[in-house]
């Protein structure tokens, strides 16, 4: 049965969040508790890296190509002596992350990342929707460090969340690429087609054609400031033969969606069968509800395995004809 997964989130981002693929690194369940540690130390020891053993470091490792929600949970100290010195590093985890030992702004690296944070009486919670805009393999870390908590000659443990981002290709169009913005990307983009926003002219239309040649499909559209998506919920609804239809009329598989109307960003993901090629469709970016000069994103399908299939069929037919000719 096909279905579309999304969650209408009521928050400042006014976005759709898919409800599938939720990864949780929860260090609040006692794994860092100073009372559970087995290594006794002297109070006056310096808490250096070499003092740690495997029992002192708890790992949570995640691999992703995007369109997943990550949750990072760290216990609060408050009146609990077992977490008195606990710290999150970087303090604003997901807003800032450690990459190759340096703190970086995640939004400078992943276009379309959405971050939320909240606290309870006992927990600090950070959430991030990781978009599929991963232009190269990389990894980042946040840690929940209870190693500064000392009680009865025991020290707490350190919890490390390590996220491995796998390079992705987004079949779609980014009409709002900023080549002047300081980034780590060095001119790279996960989008198959991208246009510098400095050269996008509101008095000219641009036709962006993207051909999907893989059965694992990530679609994306980014509209410039002052433009809106048409259909409004692009990839939930698409333009097909000049009509707005639901994507499930063309894609007979589960579809994951993330739509940020305020930022004019939309993503979708699904998996095709081998050699399956749905009919083409499109979405537009239109300025001030005027479709005179739209920025058009056309999505066509030429599933990679279909080439292999056709090649082998043609090859077998030729062999068969040659054999017949010799008989």
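The backbone N, Cα and C atoms fix where each Cβ goes, glycine too.
Other Cβ atoms within 10 Å of the Cβ of residue 60 (disulfide bond) number 19 in total over all chains. According to its DSSP assignment, residue 60 (disulfide bond) is in a strand. According to Swiss-Prot, the feature disulfide bond maps to 25-60 (among others), an assignment based on sequence analysis.
Residue 74 (disulfide bond) falls within a strand when secondary structure is assigned with DSSP. Residues near residue 74 (disulfide bond) in space but far in sequence (CB under 8 A, at least 6 apart, same chain), listed by position: 27, 28, 86, 88, 123, 124, 144, 159. Annotation source Swiss-Prot lists disulfide bond at 74-144 (among others).
Residue 93 (disulfide bond) falls within a strand segment according to DSSP. Under the heading disulfide bond, Swiss-Prot lists 93-142 (among others), citing sequence analysis as support.
Sequence annotations record features per position, and here Swiss-Prot assigns disulfide bond to 173-208 (among others). The Cβ of residue 208 (disulfide bond) lies under 8 Å from the Cβ of 173, 175, 193, 195, 295, 296, 297, 298, each of these being in the same chain and 6 or more residues away along the sequence. Under the DSSP three-state reduction, residue 208 (disulfide bond) is assigned to strand.
For 223-285 (among others), the entry in Swiss-Prot reads disulfide bond, with the evidence type sequence analysis. Proximity of residue 223 (disulfide bond) to non-local residues of its own chain (separation of 6 or more, Cβ distance below 8 Å) is seen for 175, 176, 229, 264, 265, 285, 295, given in sequence order.
Around residue 234 (disulfide bond), the same-chain residues six or more apart in sequence whose CB sits under 8 Å from its CB are 221, 259, 266, 283, listed in sequence order. According to Swiss-Prot, the feature disulfide bond maps to 234-283 (among others), an assignment based on sequence analysis.
Swiss-Prot lists 21-168 with the feature domain '6-Cys 1'.
The average pLDDT computed over the domain '6-Cys 2' (169-304) stands at 91. Under the heading domain '6-Cys 2', Swiss-Prot lists 169-304, citing sequence analysis as support.
For residue 246 (N-linked glycosylation site), applying a Cβ distance below 8 Å and a minimum sequence separation of six or more within one chain yields 236, 237. Taken from Swiss-Prot, the feature N-linked glycosylation site covers 246 (among others), and the record attributes it to sequence analysis.
Secondary structure from DSSP puts residue 264 (N-linked glycosylation site) in coil. For 264 (among others), the entry in Swiss-Prot reads N-linked glycosylation site.
Residue 298 (N-linked glycosylation site) counts 18 other C-beta atoms within 10 Å of its own C-beta, drawing on all protein chains shown. When secondary structure is read from DSSP and collapsed to three states, residue 298 (N-linked glycosylation site) falls in the strand class. Per Swiss-Prot, N-linked glycosylation site is recorded for 298 (among others), and the stated evidence type is sequence analysis.
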Just to verify a number: CA distance, residue 142 (disulfide bond) to residue 25 (disulfide bond), in angstrom, no decimals. 10
What is the Cβ neighbour count of residue 142 (disulfide bond) at a 10 Å cut-off, with all protein chains included? 27
Could you list the residues of the same chain, at least six apart in sequence, whose Cβ is under 8 A from the Cβ of residue 93 (disulfide bond)? 72, 126, 142
Where does residue 144 (disulfide bond) sit by DSSP, helix, strand or coil? strand
Pick the one among the disulfide-bonded residues 25, 144, 173, 283 whose Cβ has the fewest other Cβ atoms within 10 Å in this structure. 25
